[in-house]
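K.L.:
Quick one: the structure is below, questions incoming.
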Amino acid sequence: MNAPESVQAKPRKRYDAGVMKYKEMGYWDGDYEPKDTDLLALFRITPQDGVDPVEAAAAVAGESSTATWTVVWTDRLTACDMYRAKAYRVDPVPNNPEQFFCYVAYDLSLFEEGSIANLTASIIGNVFSFKPIKAARLEDMRFPVAYVKTFAGPSTGIIVERERLDKFGRPLLGATTKPKLGLSGRNYGRVVYEGLKGGLDFMKDDENINSQPFMHWRDRFLFVMDAVNKASAATGEVKGSYLNVTAGTMEEMYRRAEFAKSLGSVIIMIDLIVGWTCIQSMSNWCRQNDMILHLHRAGHGTYTRQKNHGVSFRVIAKWLRLAGVDHMHTGTAVGKLEGDPLTVQGYYNVCRDAYTHADLSRGLFFDQDWASLRKVMPVASGGIHAGQMHQLISLFGDDVVLQFGGGTIGHPQGIQAGATANRVALEAMVLARNEGRDILNEGPEILRDAARWCGPLRAALDTWGDISFNYTPTDTSDFAPTASVA
């Protein structure tokens, strides 16, 4: 739906007082060829009835850059032709006549270097409540290399983390301590020890365990690190537990992080809800203190899940990689949380690629050169168990943390047995894959064979079998049918 020529008003009329259509003010240019240094954004827009989609696209470009509702004479005091964002392409969304994909280019000089807070204030700060548009969703972005290089990125990255842990050739295993609220510090530490002793690499706090009346944060840190040290000594492996330092102020978060470091922790955790400035600040602290930063995407579903309005998680994942987290929850596709398999694999691409290629089936609209930025370790967590090990490895490969919370803590023979079941299932599946077997199709047979020699795995398969959460995902690809993982 490219316009054959510019519809911008003549220069003199452009600055006449009054209200003018956005496309006439210069926010639409169907002939524009994006520059390598432009920042590109793709919006899914649903214009109000009777609103021209090109005008709606121009409005998005205007309201996310320099425009207001009327002509202002102070535009003449700026290089406004450069600073105006330009909507340059509008495509209909397949099988949805009310929606359109709107491509917008922004000049790099509109953004502060190394600041996700500044980026988001422009791109999503105002346009989502604009009346001429029923709904808008930010689907994807492309950052120019010059912009990417202003960010330090992950403080540790996948390669360095594996070297510190001395664990290669397989996914990492973890579990979230359950119940996530209510345990005393001592009992919490007990759960951590049992999980790590049974074969897990990590245990972790959940998103809402901070410092409550039933367990002060300092008690939790002390008991957890005692458990980590004892499990490491018992197994001869490097172990860890994600200590959640999320708090009400940055000062308190730094205090908790410093205490975690003083106890010998290799990793701390924060929640997405702390905000972008806090995330970048904690990443800087981790870089200075040789710590791994785990991010729980708490709250993301409030704006990522609905397909017609909000922000796609692939965009959030790109922002988080720039912001500098080492781990982020990215979905399982087979668990209890929202996730179309192809779409979720697109999130993993964003985390682990050196160069992400456009792939519409995975929701990736742009090529992205990550300019040697370190890679993020994706985390699959939420409603998964040992019986799904073949599906998880087939979907996500080795560079992923597989976290079995209920699938460890809920084991009928106890926590340590639950951890052992997951470790044996993982080792058996990796061995079978390395031998050239088709683990996706032969996976259940491989697990049954391994369970003949492992009572905890046999009990896990008997308890959960092939339990899955078969609900239709809401955020699916517009260019490919929802894939089956069975």
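Placed from the backbone N, Cα and C atoms, the Cβ positions cover glycine too.
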K.L.:
Determine which of His329, His411 appears in Swiss-Prot for the same substrate site as Asn126, Thr176, Lys180, Arg297, Ser381.
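P.N.:
Given Asn126, Thr176, Lys180, Arg297, Ser381 bind substrate in Swiss-Prot, the matching entry from His329, His411 is His329.
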K.L.:
Could you state the CA-to-CA distance between Lys178 (active site, proton acceptor) and Arg297 (substrate binding site) to the nearest Å?
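P.N.:
Cα-Cα distance, Lys178 (active site, proton acceptor) to Arg297 (substrate binding site): 18 Å.
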K.L.:
Which one is it: of the recorded positions Lys180, His296, Arg297, Ser381, whose Cα lies the shortest distance from the Cα of Asp206 (Mg(2+) binding site)?
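P.N.:
Nearest by Cα distance to Asp206 (Mg(2+) binding site): Lys180.
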K.L.:
Return the member of Lys204, Glu207, His296 nearest to Asn126 (substrate binding site) in space, with distance defined Cα to Cα and candidates limited to these recorded positions.
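P.N.:
Going through Lys204, Glu207, His296 one by one, the Cα closest to that of Asn126 (substrate binding site) is His296.
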K.L.:
Could you tell me which of these recorded positions, Lys178, Lys180, Lys204, Arg297, His329, has the greatest number of Cβ atoms within 10 Å of its own Cβ?
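P.N.:
It comes out as Lys204.
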K.L.:
Given the binding-site residues Asn126, Ser381, and counting only Cβ atoms in the protein chains shown, which has the most within 10 Å of its Cβ?
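P.N.:
Per the Cβ count, the most surrounded site is Ser381.
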